[in-house]
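One structure is given below, encoded as structure tokens.
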Amino acid sequence: MGVLKFKHIFFRSFVKSSGVSQIVFTFLLIPCCLTLNFRAPPIIPNVPFLWAWNAPSEFCLGKFNEPLDMSLFTLMGSPRINVTGQGVTIFYVDRLGYYPYIDLTTGVTVHGGIPQKVSLQDHLDKSKQDILFYMPVDNLGMAVIDWEEWRPTWARNWKPKDVYKNRSIELVQQQNVQLSLPQATDKAKQEFEKAGKDFMLETIKLGRSLRPNHLWGYYLFPDCYNHHYRKPGYNGSCFDVEIKRNDDLSWLWNESTALYPSIYLNTQQSVVVATLYVRNRVREAIRVSKIPDAKNPLPVFVYARLVFTDQVLKFLSREELVSTLGETVALGASGIVIWGSLSITRSMKSCLLLDTYMETILNPYIINVTLAAKMCSQVLCQEQGVCIRKDWNSSDYLHLNPDNFDIRLEKGGKFTVHGKPTVEDLEEFSEKFYCSCYTNLSCKEKADVKDTDAVDVCIADGVCIDASLKPPVETEGSPPIFYNTSSSTVSTTMFIVNILFLIISSVASL
């Protein structure tokens, strides 16, 4: 894509002026055209797409002796309050410092109710104790702060969260009786947003300083607020005002070391609606990941559920997994966190249902989409980037061709993959996806996948594709070509110099 853009720019410039200065100027444009789109590198080597598990699955083994196959998940953690030292640690309102909120069911005020009324220092002192308790060792892992009671952006506290606006206005009126309601509202907005910002910012700074090897971020940040799917003509897009509000949260993105958006579904969303809903939420998160530094974006780990929010015992179908997990992979996120509550592991029956679902639907699909993504990365990017849709709003997915592959569950309970890709399979990847380089890597995009000799990718022990492809018939004078999407390598320079030499020679002969 970048090479084609450069080609058009170059030849338009050359036709207008045959001067050397024009050619040199165009030459200098090359790096900016070839390095526009980066992705965060894998946090674990050779794991370009990370699967994490954040559900209390230990109940199935501990209480009911029903082990679940977790071999495909790299990081794991239970959301239960008494579990520590995990790969995924989630901090709810009662587990990290003194989070102020108002219980909307009972009306009870906790820790002052609003951020203006809590002692920030007392909160940070307690937070330090909590972080050291839940993370006794600073291993690589996820640190997810799940504070959903109020939002740091004043305008986003709509009903029923407008109680935080009302309390803030009341506080200002008590302290400044001479102010009119509009004046008190303006002052309340300023004080609330400043206190909320300081509260969230200092908390994540503390976490990063104490446990720097963990990936710190807030659950549901960023959010797209594209929940208007009952309206006619729904296309999933985020409202412009919400995109602007996400831009205004740059102070939060600058201190986060990962983003944790959510793509939970309910039964009111059809497969088509769910696809549009998820697609735009993930796309917005990836956009936000580049706000701190476009050349060094934050990793995006998307929270997903296996069940619906309004029917917690009804599992997503395979089509709905494509709409959620498949969308996330095709758009170039760093990974997915599967979250679950006690409802899916609270009884022997629910554990058996979960085990069956994982064996027959979830794990085969994870194997399918992850191997396809890894194969595409190996073929197109030489494993130095990820494959991303050329048309973000298309329904192109990274899937194995069912005509050429068979994923089987063997008698011992392990999965195996049988089959190998064809050149046509690889060409389809090349037609519909492009290579987005990892940060700070020299990333080559293969121009002709017919030159691929073999594919060798694995995602777990024995879950691999290891296949030799028939070598292409080479004609004299047409060696394999690579497009270099980094401006720092010798091969790129030589490629461009050769083009310039040929053009100048042609002009000189006229």
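A Cβ is built for glycine as well, from the same backbone N, Cα and C atoms used for every other residue.
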Partner cysteine of Cys381 (disulphide bond, per Swiss-Prot) from Cys351, Cys387, Cys435, Cys437:
Cys435
Cross-link partner of Cys224 (disulfide, per Swiss-Prot) out of Cys238, Cys351:
Cys238
Between C-alpha atoms, which of these recorded positions comes nearest to Asn166 (N-linked glycosylation site): Asn82, Asn254, Cys351, Cys381?
Asn254
Give me the long-range Cβ neighbours of Asn368 (N-linked glycosylation site): same chain, 6+ apart, Cβ under 8 Å, in sequence order.
His399, Leu400, Phe405, Ile407
Counting other Cβ atoms within 10 Å of each residue's Cβ, which of the disulfide-bonded residues Cys224, Cys376 comes out lowest?
Cys224
Relative to the Cβ of Asn254 (N-linked glycosylation site), which residues of the same chain, six or more apart in sequence, are found under 8 Å away?
Ile291, Pro292
Quick one: give me the count of other CB atoms within 10 A of the CB of Glu148 (active site, proton donor).
13
Rounded inter-Cα distance in Å - Cys224 (disulfide bond), Cys437 (disulfide bond):
26
Cys437 (disulfide bond) as reference: those recorded positions from Cys60, Asn82, Cys238, Cys351, Cys381, Cys387 with C-alpha within 10 Å of it:
Cys381, Cys387
Nearest to Cys435 (disulfide bond) in three-dimensional space, by Cα, is which of the recorded positions Glu148, Cys387, Cys464?
Cys387
